[in-house]
Amino acid sequence: MFEYMQYNVLPWGRELAIYFFLVGMAAMTFVLAAAPNVFGGGTAALQPTQKIASVVVLVLLAVCGVILIEDLGQPGRFLYPLLYFHVSSPLSWGSLFVVLFGLAALVFAFAVFTGRDGLLRPVGIAGSVLALLLPLYTGWDLMANQARELWHSPAIPLMFVALSVNSGVALMSVIAMATGAMNEETAAFLRRVLAFSLVATLVIFIAGVLRVNYGSAEEQIAWQIINEEFGTKFWLLSLVVGVLVPLVLVLVPGLGASPAMITLAAVLATIGAYTYREVYLLAGQLPMLTF
């Protein structure tokens, strides 16, 4: 095995993991809330959740804004990536996506509460595209760091999308249960979405484990750090609680059809959606780049 010393200062702390988690949850909650207008069909069962969901999305974005301002030190710095836009910078694109998505979410909420049905479909489509870009941008933000080999993988943005879907389904399940909209049709739709995203999460998780086990020296140091410093969070919370148990709950015939079980599975998946991000964010910064 390799030796390492934790002399590194972690410029990105847990607050960034919380930001990645919340912005992904807000994004996929919006996609699910807008689905009745964008896709129709079986997603129409989610329509009763739109008012509460649209407000919750705005609240989550406001919290994300506070976290970003706290991390940057002063509000004005948030504008720098936009004012000095660089096409190869994930921060520039991410800032643009966050602002545009916030505007789309605000207009969508306005249309829902004022009954302007003509706005719902076009704004829902635009907002859903932007929503997909948010977890992709947060993963790209890590992937662009070539010196941090644990992060430098195209699987990271894809994993963040899958994790965001898991947490979005959880929030929509709770909202549907609270509003009485969790009928058989709603439960069946959310179950399908959650099952698909959990399978994708498991596949990417296994691929990531194989990559670092057979990767470079730094990747293997990062793997050692994950197991020694974050083993419980990575294996128990991210994999067992966050993926395997929810998969059993949604795939077992009869059990997975229960709205309560679907909600429980989604909430458990949300735990993994956060802890995986935290582990990768922190562990990726611990290997020393110079000796």
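Including glycine, each Cβ sits where the backbone N, Cα and C put it.
Below 8 angstroms of C-beta separation, residues 46-47, 49-50, 53-54, 56-57, 60-61, 63-64, 67-68, 71, 98, 101, 104-105, 108, 120-121, 123-125, 127-128, 130-132, 134-135, 138, 160-161, 163-165, 167-172, 190, 193, 270, 273-274, 277-278, 281-282 of the same chain, each at least six residues beyond the ends of the transmembrane segment (16-40), sit close to that stretch. According to TrEMBL, the feature transmembrane segment maps to 16-40 (among others).
Long-range neighbours of the transmembrane segment (52-70) within the same chain, counting only residues 6 or more positions beyond its ends whose Cβ lies under 8 Å from a Cβ of the stretch, are 15-16, 18-19, 22-23, 25-26, 29-30, 32-33, 78, 98, 101-102, 105-106, 108-109, 112-113, 171-172, 175, 178-179. For 52-70 (among others), the entry in TrEMBL reads transmembrane segment.
The annotation transmembrane segment is assigned in TrEMBL to 90-112 (among others). Residues 23, 26-27, 30, 33-34, 50-51, 54-55, 57-58, 61, 64, 78-79, 81-82, 84, 119-120, 123-124, 126-127, 130-131, 133-134, 137-138, 140-141, 144 of the same chain sit 6 or more residues outside the transmembrane segment (90-112) yet have a Cβ under 8 Å from a Cβ within it.
Taken from TrEMBL, the feature transmembrane segment applies to 119-138 (among others).
Annotation comment: TrEMBL describes 158-181 (among others) as transmembrane segment.
Residues annotated as transmembrane segment in TrEMBL: 193-214 (among others). Under 8 Å from some Cβ of the transmembrane segment (193-214) lie the Cβ atoms of residues 32, 150, 153, 155, 158-159, 162-163, 165-166, 169, 220, 222-223, 226, 238-239, 242-244, 246-247, 250-251, 256, 262, 265-266, 269, 272, 276, all in the same chain and six or more residues away from its ends.
Only residues 6 or more beyond the boundaries of the transmembrane segment (234-252), in the same chain, are considered here, and those with a CB under 8 A from a CB of the stretch are 166, 191, 194-195, 198-199, 201-202, 205, 226-227, 261-262, 264-266, 268-273, 275-276, 279. For 234-252 (among others), the entry in TrEMBL reads transmembrane segment.
The feature transmembrane segment is assigned by TrEMBL to 259-276 (among others). Sequence-distant contacts of the transmembrane segment (259-276) (same chain, at least 6 residues past either end, Cβ-Cβ under 8 Å): 17-18, 21, 24-25, 159, 163-164, 166-167, 169-171, 173-174, 176-177, 182-183, 186-187, 190-191, 194, 197-198, 201, 205, 233-234, 237-239, 241-243, 245-247, 249-250.
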